[in-house]
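After the structure tokens below, expect a handful of questions from me.
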Amino acid sequence: MTYLAKVTVTYKESILDPKGEAINDALHRLGYSNVQSVEMGKYFELKVTGNGQPIEEQVDEMCDRLLANVNMETYQIKIVEVED
Amino acid sequence: MKFAVPVFPGSNCDYDMVNALRDILNVPADLVSAQATNLEGYDAVVLPGGFSYGDYLRSGAIARFSPVMAAVKDFAATGKPVLGICNGFQILTEAGLLPGTLQANRSAQFICQASELIIRNSRTMFTTAYENQTQISLPIAHGEGNYYCDAQTLAELRANHQIVFEYVDNPNGSIANIAGITNRQGNVLGMMPHPERAVETILGSTAGLGIFQSLLSHQREGAHA
């Protein structure tokens, strides 16, 4: 069984996001004055082979150890089965 | 006293560091591969600045898992000095050897300039050559030097005198103007400013020499004790 884990990493709410703010400003300059805020995050797709261990737990651990810095980031995981 | 300077793919201050140690301070220093698995025979480790592994994912996030970092962790646990400069500081936080995180600068700009610092703790093994509460100028050059930690960590840093350098004019948004901190034991120092770029009058400043001179006298005193 092969899985596709879709991981989104974003800053925690309390954390400043200067890149998101710069994009927000640029959108305003383009005339999109109704944009209230922009948050920039990271998106990962992991193709993972099933190994009998719970896949969610494994991806969760990968996020904690590498994909996100839990000091300042938070993450969401979606897992779907895909063709081998 | 013999220094190890680990080199990661993308390090770019490694030769400056080794030059400062060998040619200015006249102490032996080796460039050590990121693949090295032991640091036997060394008395101090300096993680140099640069963009290890292209800063992919987050600065320091990939370097942290290189083989040499396991050796650096063991080395630090023995109480010997570990200094991380700029990207080296970022690697130390990612590796959990120092608390907190270096975030993108508040201005979203890469900042390259001289920076005035206040010595907040001159009793660490890295800073005895400086007078406490005095001001020095060191170069900074970073895009992600904005130090962040939660309120509890900040309180601990203050209570244990782990804040060693503070910016006079905060250039990057760092919490509590932090430019450099130690671990609780005091043998691991991370700092964004570059002391290795301030070791020769002809290059504008010798204010960075004190860090290395402090380490050398720490080593001498240790040998006599």
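We number each residue from 1, going along the chain as drawn.
Here the Cβ of each residue, glycine as well, is placed from N, Cα and C on the backbone.
Bear in mind that the values here come from a model prediction, so they are computed numbers and not experimental data.
Below are the features listed in TrEMBL for this protein:
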- B:CYS86: active site, nucleophile (ACT_SITE)
- B:HIS194: active site (ACT_SITE)
- B:GLU196: active site (ACT_SITE)
Including all protein chains shown, what's the count of other C-beta atoms within 10 A of the C-beta of B:GLU196 (active site)?
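I count 29 other Cβ atoms within 10 Å of it.
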Measuring Cα to Cα, tell me the gap between B:CYS86 (active site, nucleophile) and B:GLU196 (active site) in whole angstrom.
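Here the two Cα atoms lie 11 Å apart.
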How would DSSP class B:HIS194 (active site) in three states?
coil
CB neighbours of B:CYS86 (active site, nucleophile) within 10 A?
29
So if I measure Cβ to Cβ from B:HIS194 (active site) and keep only same-chain residues at least 6 apart in sequence, which ones fall under 8 Å?
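For B:HIS194 (active site), the qualifying residues are B:CYS13, B:ASP16, B:GLY49, B:ILE85, B:CYS86, B:LEU138, B:PRO139, B:ILE140, B:ALA141, B:GLY208.
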